[in-house]
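A.B. asks: One structure is given below, represented as structure tokens, and several questions about it will come after.
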Amino acid sequence: MICHRPVLILDSGVGGLTVLREVRFKLPYERLVYVIDDAAFPYGGWDEIPLAERLIDLVGRQIELHDPKVVLIACNTAFTLVGEALRAAFPDMAFVGTVPAIKPAAHRTRSGLISVLATPGTVRRAYTRDLIARHASNCHVRLVGSDLLAEMAEAHLRGDDTADADLLTEIADCFLEDGARRTDIIVLACTHYPFLANRFREIAPWPVDWIDPAEAIARQLARVVETARVLPAGNVSVRGVEAQPDQAIFTSGRRDADSLRLLTGFGLSA
Ligand code: DGL
């Protein structure tokens, strides 16, 4: 029996689902394996060296287990830290990453005031500072790190909502006024945050554009899959090829009913 090599998607929690749903839309015939490193959640507060070691080890083991055609790191906190190291450690593997969408924000802003809402880890990264220097040197970019938003997004998705006032505390620093100019773009630089985007819109002091990079990431993945020398894509029945369901794996081994129901809703078996 031949099995299609899957696309492996990795995040620390449910955030990667914001990318996975776009991947499904763009690449409906690819088989997906979604690895949720919840044993280490949240990545945002980890020191860089232990997190980098953990990620390289985890990705290596998952490559061995699943033999993916492409690995998609659906996490800014992880990819801004180990994107280069992963490519060096696994030179035969194609990687697609997630980085703060600073370049498109710099193109789109009218006021020149942009905020990047991310985990404390992503805000600290040299990679993020470098993106700003290379693509947004003519803008004022404010980096806002939140210790709590990823957990609030997890709770939101499991039906347990955070009060408006607590959410506002986390995003308030994104809104800057400088004379007649006001922040007009906020980059959602953590894959968990798009799940809260509608709440953010409701409580925002003024309307802004919230940039979610998921669609652009799925487009990039489609380009990489197309150029990778791999078996033809398909959950569809191709003679001699066994269709397999999309799958999710929790690194903690958790199997609570809420999480399983959530994953089922996204078409994943756990
Ligand atoms: N979803 C992850 C990101 O895009 C981070 C969440 C966490 O702190 O673990 O950065």
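Even glycines carry a Cβ here, placed using N, Cα and C.
Curation plays no part in TrEMBL annotations; they are all automatic predictions.
Got these off TrEMBL a minute ago, pasting:
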- C75: active site, proton donor/acceptor (ACT_SITE)
- C190: active site, proton donor/acceptor (ACT_SITE)
- D11, S12, Y43, G44, N76, T77, T191, H192: substrate binding site (BINDING)
A.B. asks: Where does S12 (substrate binding site) sit by DSSP, helix, strand or coil?
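C.D. replies: For S12 (substrate binding site) - judged by DSSP and reduced to three states - the answer is coil.
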A.B. asks: Using Cα coordinates, what distance in whole Å links T77 (substrate binding site) and C190 (active site, proton donor/acceptor)?
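C.D. replies: Roughly 7 Å, rounded to the nearest whole number.
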A.B. asks: Beyond D11, S12, Y43, G44, N76, T77, T191, H192, what residues of that chain have CB atoms within 8 A of the centre of the substrate site's CB atoms?
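C.D. replies: These residues sit around the substrate site: G13, G15, P42, C75, A78, T119, G121, T122, A150, C190.
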A.B. asks: Cα distance, C75 (active site, proton donor/acceptor) to D11 (substrate binding site), nearest Å?
C.D. replies: 5
A.B. asks: Relative to the Cβ of N76 (substrate binding site), which residues of the same chain, six or more apart in sequence, are found under 8 Å away?
C.D. replies: T98, V99, P100, A118, T119, T122, A189, C190, T191
A.B. asks: Taking the Cβ of Y43 (substrate binding site) as the reference point, list residues of the same chain whose Cβ is under 8 angstroms away and which are at least six residues distant in sequence.
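C.D. replies: Y43 (substrate binding site) has long-range Cβ partners S12, D37, L51, C75, T77, A78, T119, G121.
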A.B. asks: Give the helix, strand or coil assignment DSSP yields for T191 (substrate binding site).
C.D. replies: coil
A.B. asks: Within the chain of H192 (substrate binding site), which residues six or more apart in sequence place their C-beta under 8 angstroms from its C-beta?
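C.D. replies: Looking at Cβ-Cβ distances below 8 Å from H192 (substrate binding site), excluding near sequence neighbours, one finds G13, V14, G15, T18, L149, A150, A153, E154.
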A.B. asks: Counting only residues 6+ apart in the same chain, whose Cβ is under 8 Å from the Cβ of G44 (substrate binding site)?
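C.D. replies: Spatial neighbours, sequence-distant, of G44 (substrate binding site): T77, T119, P120, G121, T122, G145, S146, D147, A150, C190.
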A.B. asks: With every protein chain in view, what's the tally of Cβ atoms within 10 Å of the Cβ of C75 (active site, proton donor/acceptor), excluding that atom itself?
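C.D. replies: So the number of other Cβ atoms within 10 Å of C75 (active site, proton donor/acceptor) is 31.
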